[in-house]
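Feature list (source: TrEMBL):
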DOMAIN    8-89  domain 'Prepilin peptidase A24 N-terminal'
DOMAIN    102-200  domain 'Prepilin type IV endopeptidase peptidase'
TRANSMEM  6-26  transmembrane segment
TRANSMEM  69-89  transmembrane segment
TRANSMEM  95-112  transmembrane segment
TRANSMEM  119-138  transmembrane segment
TRANSMEM  169-197  transmembrane segment
TRANSMEM  209-229  transmembrane segment
Amino acid sequence: MLISYLFLLGACLGSFITCTATRHALNQSQLGQRSMCDYCGVNIPWRDLIPIYAFLRLRGHCRFCKGQFPAYSFIFECSLAIMLPLAFAKLSPPLFILVTAFLFYLTFLSVMDFTNRLISSRLTIGGGLIFIVWHYLLLGLPDSLLEILLFSLFLFALCFQQKMGVGDFILLLVIQLTFGIHFCLIVTLFACISALIYFLCTNQMRYQIFAFVPHLTLGTYLTFALSFYI
């Protein structure tokens, strides 16, 4: 029964975070405004806001104008609905709270990056420092200082040569300092595979700004899921 509650809670929180992040990215009011279709502007009925179920029932389209809703909302609803029960079953309560909060943080940044192709440096750095200190107080540093320094210099070199954005560099640094170099490398591997598949399956042009944070987030979800069973 508890697993079912966590599944529903994860789906609801995924829906809430994507909605909040989208409004923040578009500079819309967070309070006093009902959810509405981005195409026709009609308020969305409550039954069409039920996480996961409503998206499947309407096939991802508005009931009124048939405009397509963003698929990332459905993806994050499903991801958090699955990850919360898994994390609760495998982690101690303090670490469960840390991992869950970190996934919320990544999900919020992903929606911002997908919407604007830009993430807030203050939010990324501020939130990252909180998680780094939080993990240090729980478990200490994940790697030796020399390993941290060398890997940080490697990421900085990639950023300096414009092989990745500043926001991607900061986020990878946060993942490394919070969960360790090996975890970060696996996340990067999954993220690159996901980005390559997305690039090949869409009309994304090489000269367009590419939103990489959602792929880092997907890589983090997959790495956590694998770590629970390895």
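Every residue gets a Cβ built from N, Cα and C, even glycine.
The shown structure was predicted, so the numbers you read here are calculated from the model rather than taken from an experiment.
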Chain residues in Cβ proximity to the transmembrane segment (95-112) (below 8 Å; excluding those fewer than six residues from its ends, i.e. six or more beyond): 13-14, 17-18, 20-22, 24-25, 72, 76, 79-80, 83-84, 87-88, 118-120, 123-124, 127, 131, 134-135, 138-139, 167, 171, 178, 211, 213-214, 216-217, 220-221, 224
Whole-number mean of pLDDT values that fall within the domain 'Prepilin peptidase A24 N-terminal' (8-89): 81
